[in-house]
Amino acid sequence: MSSGGLLLLLGLLTLWAELTPVSGKKRPDFCYLPADTGPCMANFPRFYYDSASKKCKKFTYGGCHGNANNFETREECRKKCFASAARRPT
């Protein structure tokens with residue numbers, strides 16, 4: 001095989017390795033919990049992972065209790081639930 005062919009193969013394998021882990025990992029169970037404002041009456045803007053739409057969505061958190069599907073930023077939500085997986089844990 002020529003050096004150009006090897007370089008192309010190496011590039012394709014690198015691309016495949018970068019894309020494969022996203023679909024091979026499992027989402028944490030808390031990513032499947034519904035948004036939970038909790039019983040308190042504060043108004044904190046937060047984000048939760050909506051497993052039906054597969055998106056991080058904004059909601060208002062009351063400030064206490066709730067659940068672990070509660071993130072201060074959309075980026076944090078994506079890091080924990082969106083980018084880490086493509087299928088629900090079994």
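Yeah, the Cβs are placed from backbone N, Cα and C, and that goes for glycine too.
Among C40, C81, the cysteine that Swiss-Prot records as disulfide-bonded to C64 is C40. Per-residue pLDDT, averaged over the domain 'BPTI/Kunitz inhibitor' (31-81), rounds to 97. When the disulfide-bonded residues C40, C56, C64 are ranked by how far their Cα is from the Cα of C81 (disulfide bond), C56 comes first. Of the listed disulfide-bonded residues C31, C64, C77, C81, the Cβ environment within 10 Å is emptiest of other Cβ atoms at C64. Helix, strand and coil counts from DSSP across the domain 'BPTI/Kunitz inhibitor' (31-81) read 10 helix, 15 strand, 26 coil.
Cα proximity to C31 (disulfide bond) (within 10 Å) is found for the following disulfide-bonded residues from C40, C64, C77: C77.
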